[in-house]
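See structure below.
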Number of protein chains: 2
Amino acid sequence: MSDAKIRRPKAETPKGFRDYFGPEVTERKAMLDAITGVYHRYGFDPLETSAVETVEALGKFLPDVDRPNEGVFGWQDEDGDWLALRYDLTAPLARVAAQFRNDLPAPYRRYAMGPVWRNEKPGPGRFRQFYQCDADTVGSGSVAADAEICAMLSDALETVGIPRGDYVVKVNNRKVLNGVMEVAGVLDPANPDRFAHERGIVLRAIDKIDRLGDDGVRALLGAGRKDESGDFTKGAGLTEHQIGTIMTFVSANTAIDNMVFESSQAAAPSHIREMSHSPEFRNGVACLYLETIVGSSQIGLEGVQELKQIADLLQTQGYGADQIRIDPGVVRGLGYYTGPVYEAELTFEILDEKGRKRQFGSVAGGGRYDDLVKRFTGQAVPATGVSIGVDRLLAALRAKGRVGGASAGPVVVTVMDRDRMADYMAMVADLRNAGIRAEVYLGNPKNFGNQLKYADKRQSPVAVIQGGNEAEKGVVILKDLILGAQIAQNATLEEWKDRPAQVEVPRADLVAAVRNMLGQ
Amino acid sequence: MSDAKIRRPKAETPKGFRDYFGPEVTERKAMLDAITGVYHRYGFDPLETSAVETVEALGKFLPDVDRPNEGVFGWQDEDGDWLALRYDLTAPLARVAAQFRNDLPAPYRRYAMGPVWRNEKPGPGRFRQFYQCDADTVGSGSVAADAEICAMLSDALETVGIPRGDYVVKVNNRKVLNGVMEVAGVLDPANPDRFAHERGIVLRAIDKIDRLGDDGVRALLGAGRKDESGDFTKGAGLTEHQIGTIMTFVSANTAIDNMVFESSQAAAPSHIREMSHSPEFRNGVACLYLETIVGSSQIGLEGVQELKQIADLLQTQGYGADQIRIDPGVVRGLGYYTGPVYEAELTFEILDEKGRKRQFGSVAGGGRYDDLVKRFTGQAVPATGVSIGVDRLLAALRAKGRVGGASAGPVVVTVMDRDRMADYMAMVADLRNAGIRAEVYLGNPKNFGNQLKYADKRQSPVAVIQGGNEAEKGVVILKDLILGAQIAQNATLEEWKDRPAQVEVPRADLVAAVRNMLGQ
């Protein structure tokens, strides 16, 4: 067979996909194992669904187009049915909860972790396959289930290495917004379908607060907004009065901060002034404020009540309001959720790509979604859960220096004499049997320099050398590669003499001497 | 929105796929973690490639048909390129070894584990997504690399709980068969392309020895074979003499067993007789026999030499021939590999679905494949590796009772009084902080019987109960559910009295009393 005739395939990861090497795999695994440990202690059971679902079950069917390629990777099976890779871990959970509803415990607490796939335009740091790590409780309408998820999220963050003070779990409630909508006259409890169009615009506008600011949101609530490119987005057409009401919710955090600030001023009663700096005080003020803005709306008051209950439950369990905070500023995904929503934010500062300081930001989010299982069964099944952004949390741990410390490279036994491979393999066997990571050099042994370069690439802490002379004397030479590197960089002659980076020891003492060199 | 108008999606796993629940996930994870530990100690680094590859890189391009759906799940991306889910972990490794050849250490030892996907007809126990767990060394042509993989496979099996004596790693060499082919005149070293067609038939025939038996293989080597359905498969058309030569390889194990048996008989010299029962003796006889049948073929003698070297290297490291055995009976995948091949077989007996005793059989296999990276780069890169069938090994561990022992169910704190949820959540928090898996009942608490049924379904070892009376007295009731179940089954009245399955303890002693009940 002549090679020239064959067109060689390109050795390339498909666009938007990537491979993970060595420490990238072990560091993520260590983090997920730690999180799993917390989930397990909370009574959550693992679930691993298949990567492939029917497009129908995922809820992504587009009968008008040839292929349902909106956001998912899909294909047609031999029977003509469309299948697709899952795009998150919640849709498969809803399918499982419906499919196995007679067998699963009720409520069903489950965690899941694994890759999900998105057929979206890849970009810097945006991949088409990435990890999620979810925990959900299906079948409980109790706010205790929401509080539990918040507590578990807090425990998980501290367990992986984000200390108290460097994170906050912020809790909001979709029902409070519904209450405000009722007050503003865009939600009629007696006729829920009315004003649905306007509410859609309101939700989408609020979701964009970070990007558009107060003025942009106000414009979208009113007549509409022209963006920089000149494109006009039609607004919800609310009156100034209605807009003002909605904005009491959008700008709640500013209002609450002002109230807390006033309480700390000289004009405030002294016992209020003293309390005003505690996180618990802010939570109380937040509830008071929200109670005010939802007026007499039943759903709104229920939402505030739920927030209070969550705060109380968590306080009884020993969580401070610095760890878990009532925060009406959590807007993400308000459209999707039906009750409490929560988001974990890391509050320490990092330098962004332009060297500017900024807060690390959100690493997890979730909330209550009571309608997902209903899609399959027709029966409402209350559910609440959280999804941790695995890559973002891992990036945070790296930024804090919590992962990737000591070299985990193997001891490398070099090959001086190709015919004595059995001797070298016996050495690595001895080291491994003592629990020490070790390998023999398996490349072409002719050039010894290449062997040391290999050891360097492997981040090996120790190289073992035995030539003919050493074999005759029954000894081996150990080269301390970490110390060697340090000495080469900055040792004085005295230090060099005092701490030799190379020792000769009897073959029988190999394991003990390596252990000693490794500081074990 | 009226529900009646909406067609409900079916809550079903796609055909050929399945979900894994609770212990199925944790038991597999524990096994893979144990195997990973061994691989790590041997200096292997983890690699996690993307699940998606270009069809071109996978080597599955069928330009004549509309979709490359032969064996893989594939689809066209937005640029018209075909992508597909990986069908094993070796093809992605070859792609990575080519793509990152300038950055990876050489040789590159890597392990990988994860799901692979096959677009094949599903059947009982045959799924379209399943786990593989591979370890490969890329860039070493040394038989020490093959020996290392065999040693590591042996260690991995013992580490997960298959004791010495219950498994054997069998080693064969593709080159020995090539030598026999040369002797038979169907391989011409000076003109490797000659007789390629005949050799293909020989390889496929040998691969079917388990199903067809000696006579069936002989027929395929000769004129051809008619199967039960009357279909005729054309044979390689070899002469009787040629067939006889090939069969010296196919039936080598029988011949070797006979030689070992003769050596154990009274007619044999006494020192031979004494040795004849040791596994090492059989390995020696095997090499002698193979040396005879390859005659003067260079490639054949090289193959036997490699087998001897592997046996020697492993013996020096302390592996017995009962653990790792030279076995010309390993035929699977001979066509694919270029040198040593190996297979791990579990030798203990289990009962099959019809209640008949049979050996458990193969759980891992691999060998040397020197041409895979060459597809991409044009340069030959020697490689060798093994793939463990994760589901089969797990099934073996289950059959041996090595997994799934003690209940890992959580302590369940029941809810007697909905308004005191904070108290109950404080109890589970205390238990968790002491490292005890615990959860509060989050369903509707009205029916207490449902709560105990729930605890039963969760395989809970202990239920905690605190009604109004107990709260006033500052106590909790602990119900030992495991003991309770035992007592309910077979206790006498005396035993019932002596070992109460229910105790009342002060709330302050909750953690200590639960620990005591759990036997911790």
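Every residue gets a Cβ built from N, Cα and C, even glycine.
Nobody curates TrEMBL annotations by hand; they come from automatic prediction.
For A:6-410, the entry in TrEMBL reads domain 'Aminoacyl-transfer RNA synthetases class-II family profile'.
Annotated L-histidine binding site per TrEMBL: A:D88, A:L89, A:T90, A:R118, A:Q132, A:D136, A:R332, A:Y336, A:Y337, in sequence order. In the structure as shown, the Cβ atom of A:R332 (L-histidine binding site) sits within 10 Å of 17 other Cβ atoms.
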*DSSP on A:T90 (L-histidine binding site), three-state: which is it?*
helix
_CB contacts for A:T90 (L-histidine binding site) [other CB atoms within 10 A, all chains]_ = 21
*Including all protein chains shown, what's the count of other C-beta atoms within 10 A of the C-beta of A:Y337 (L-histidine binding site)?*
22
*Around A:Q132 (L-histidine binding site), how many other CB atoms lie within 10 A of its CB?*
19
